[in-house]
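Worksheet for the structure shown next.
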Amino acid sequence: MTDYNHSEIEKKWQKKWKGDRVFETKEQQGKEKYYCLVMLPYPSGNLHMGHVRNYSIGDVFARFHKMTGKNVLHPMGWDAFGLPAENAAIKNKIHPAKWTKQNIAHMREQLKVLGISYDWNREFATCTPEYYRWNQWFFIKMWERGLIFRKSANVNWCPSCNTVLANEQVSKGLCWRCDSHTQQRDLEQWFIKITDYADELLEGHKQLCGWPEQVLSMQKDWIGKSFGMEIEFAVTGTGKKLKIFTTRPDTLFGATFIVVAPEHKIIDEMKSQITNYNEIAKYVIESGGKSNIERSSCKEKTGIRLEGINALNPAIGEEIPIFTADYVLAGYGTGAIMAVPAHDQRDWEFAKKYNIPVIEVIKSSNSCDGNQSVDKDIYEDKGVLVNSRQFNGIKSSEAFDIISEWVEKQDFGKKIINFKLKDWLISRRRYWGTPIPMIHCKICGTVPVPEKDLPVMLPEDAEFTGEGESPLKSSKTFVNVKCPKCGMDAKRETDTMDTFVDSSWYYARYCDNRNDNAAFDSAKVNYWMPVNQYVGGIEHACMHLIYSRFWYKVMRDLGIVKHGEPFENLLTQGMVTLSGSVMSKSKGNIVSPDEIIEKYGADTARLFTLFAAPPQKQLDWSMEGVEGCWRFINRIWRLFDIVHTKTEFSATEKDKNDILRIMHRTIKKVTVDIEKEFQFNTAISSVMELVNALYTYKYHSNDDGISAEVYKTVILLMTPFTPHLCEEIWDRLGYKEYVSVYPWPSFDESTIKQSSVELPVQINGKLRGKIIVSAEDSEDEVKKIIEKDKKIAVHLKGRQIAKFIYVKGRIVTILLDS
Ligand code: ANZ
Ligand code: ZN
């Protein structure tokens with residue numbers, strides 16, 4: 001055979017797949033479906049290696065499941081609204097729509113060169129009226145259900161991007177896109193009441209056993225459910241009450257001061273009684289410039305006492321001072337706390353600084369360390385109550401219930417459940433997003449645009465100055481409308497939606513992307529959903545992956561989808577780095593996919609990103625690694641001739657058995673690694689071993705077709721990783737069907753088992769059990785088998801292995817750290 005010509009071969013098969021519509025899909029009742037989805041890209045202009053890796057990972061899943069006989073949906077689209085397009089409009093005087101379109105066109109071509117098995121008929125961009133019209137429709141449906149509201153809210157404002165930022169777009173007081181310092185401003189904003197679903201979003205985690213534990217726990221923190229109490233402290237001499245939120249009512253007797261957030265309304269309400277009001281007002285302004293993260297971080301606490309007023313601790317009946325300090329946040333709980341310096345770190349630091357008494361109310365029940373001093377340190381553990389009158393001596397673990405019942409009986413507080421999750425601020429003062437479909441009428445108030453008038457189109461005559469309010473305000477044709485209720489002159493809302501709205505339901509639109517009458521046909525969505533395998537970055541753990549789950553539940557409540565969770569399994573892929581650091585323009589360490597593909601081909605690029613690390617782990621780019629993959633592809637290519645060359649040897653039964661056994665073992669390994677373990681790297685290395693075995697096996701003509709069968713298997717197993725190479729060889733082997741749709745090979749367990757041996761396992765000199773392994777199993781594989789053996793594993797639990805000795809085929813000896 002001639003040399004392997006990647007560019008010719010790759011183009012040829014991409015054309016054939018397209019011509020024969022190999023990857024186009026329709027619903028097929030009675031056939032098992034498999035929906036594989038990779039988070040859709042933002043059309044920034046160029047594909048980077050991270051994309052190549054992601055889409056290659058997704059393609060392994062999609063192609064593998066197609067070969068195992070499933071009806072596979074594998075779509076691709078563009079998350080096309082967003083700030084960069086608008087920034088380009090301001091800088092380069094190019095319309096955001098044009099900029100976005102050009103970028104999509106370019107990236108689509110880059111993507112097509114990779115030969116991913118997409119059904120391109122399902123492609124769409126979220127910035128088209130055909131798509132965003134349904135964002136508007138959902139908005140109105142949510143408005144009708146009371147899930148949308150408007151309020152004046154303190155928001156993060158980026159003076160450089162000139163826009164409102166969601167809390168999660170601000171980190172350490174800096175804008176997530178441009179790193180400028182953000183400010184706080186009060187503006188009328190639109191919100192979605194995601195908090196109505198807070199409990200369900202937590203409950204739903206029980207169904208998500210196919211998600212990484214890390215993502216679930218990040219979401220759990222984000223939603224932040226806590227059980228506590230609201231307790232009222234009287235402000236002495238005023239008849240007013242101050243409500244605090246605590247998760248520790250068991251420490252009530254130790255509350256020696258109150259702290260309110262600088263934004264708390266009591267400061268203005270008590271203006272005339274507060275003798276140092278001017279000083280307080282100054283402090284309030286200062287803290288207004290800080291982000292929540294800055295305020296909560298553990299540097300020195302600042303604050304001021306509200307002179308002239310006091311609060312009454314209702315449990316002990318004593319007056320305690322009230323402070324304002326910015327470590328108490330306005331948006332959480334009631335924006336006020338009872339401070340218990342003996343048992344809370346932040347309160348303790350504050351009390352030390354301002355010389356406030358510290359009263360210990362919980363003591364370790366272990367008498368040996370009973371002489372700890374609260375002056376030196378705080379005590380955060382469980383124990384027994386002290387200095388708490390009638391409650392002295394009870395265990396702190398029981399005190400929550402006992403004291404909260406007592407507080408409720410005395411009628412100065414009640415038990416409540418509090419969430420960290422906030423309502424979703426969705427309005428942006430920006431052009432390149434979905435117009436919020438609302439009309440402001442002087443007579444009728446805020447009126448939704450009637451469904452028949454959707455979409456509310458983005459006007460083309462908006463101006464991009466980068467200053468002031470939303471560019472939509474500058475379009476007279478857009479702003480002025482008639483009120484749909486009374487017909488009088490009215491004004492359109494000029495805010496657009498957060499782009500996270502677009503990605504909250506795009507997965508459903510792929511199931512029916514051309515629908516002009518509805519967001520989608522429910523029957524189609526119910527056939528394809530939920531997504532069987534979702535692939536994307538861990539950075540989306542909290543926003544995108546919570547918003548989408550929420551949106552899906554709303555769609556369920558609207559009666560248009562039937563399940564409760566959109567994504568059954570989630571894989572969060574690792575980053576691509578160069579010498580350990582993230583590839584970025586500013587570091588100048590970007591490896592361009594175009595160049596690699598040009599020189600080595602898409603299959604090599606794909607193979608390298610899949611082979612160099614497990615999908616979830618960081619992948620460090622290496623040219624040697626790429627070249628190694630290129631050589632492996634050529635080894636498979638050359639094997640064609642070797643397998644078809646006549647030799648003078650006749651295979652012995654033993655040699656035939658040996659190579660067949662390796663083949664079956666490899667099929668099993670690759671199957672399990674793709675389907676269950678997500679270990680594409682070890683799957684590929686096991687095929688490499690099989691290829692090596694076939695090279696050293698010398699009976700290629702006189703072996704009853706066994707080497708031909710092994711070679712065929714190599715090609716099938718490599719198809720999800722290097723599909724172009726495999727199609728070409730498959731074609732040359734004389735098959736009429738595409739290898740991409742050929743049934744995945746099955747393995748024969750009894751052939752694999754033929755070489756199995758029973759191994760005794762000794763732990764610290766004692767025989768703890770026996771395991772069955774195959775003679776070729778590596779030490780790592782033997783280790784895994786031992787970890788999975790319940791009987792033996794109990795002896796290892798919680799212990800460190802100091803030595804692991806595997807004498808191949810004989811015995812395993814484990815020594816544990818003492
Ligand atoms: C008294 C107390 C004693 C508290 C103690 C803690 C330890 P989670 O679990 O996160 O819900 N807190 C309440 N509202 C706050 C706010 N707006 N800003 C900052 N801190 C606030 O935390 C609840 C605890 O955080 C509450 O319980 C309160 O302090 C504080 F030994 O009350 B605790
Ligand atoms: Zn009206």
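Glycine too: its Cβ is placed from the backbone N, Cα and C atoms.
Pulled from TrEMBL, these are the features on record:
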- 39-186: domain 'Methionyl/Leucyl tRNA synthetase' (DOMAIN)
- 41-51: motif ''HIGH' region' (MOTIF)
- 220-407: domain 'Leucyl-tRNA synthetase editing' (DOMAIN)
- 566-625: domain 'Methionyl/Leucyl tRNA synthetase' (DOMAIN)
- Lys585: ATP binding site (BINDING)
- 658-779: domain 'Methionyl/Valyl/Leucyl/Isoleucyl-tRNA synthetase anticodon-binding' (DOMAIN)
Helix, strand, coil residue numbers for the domain 'Methionyl/Leucyl tRNA synthetase' (39-186) per DSSP?
68 helix, 28 strand, 52 coil
Taking DSSP states H, G and I as helix and E and B as strand, how many residues of the domain 'Methionyl/Valyl/Leucyl/Isoleucyl-tRNA synthetase anticodon-binding' (658-779) are helix, strand and coil?
69 helix, 17 strand, 36 coil
What is the average pLDDT across the domain 'Methionyl/Leucyl tRNA synthetase' (566-625)?
93
Tell me the coarse DSSP state (helix, strand, coil) of Lys585 (ATP binding site).
coil
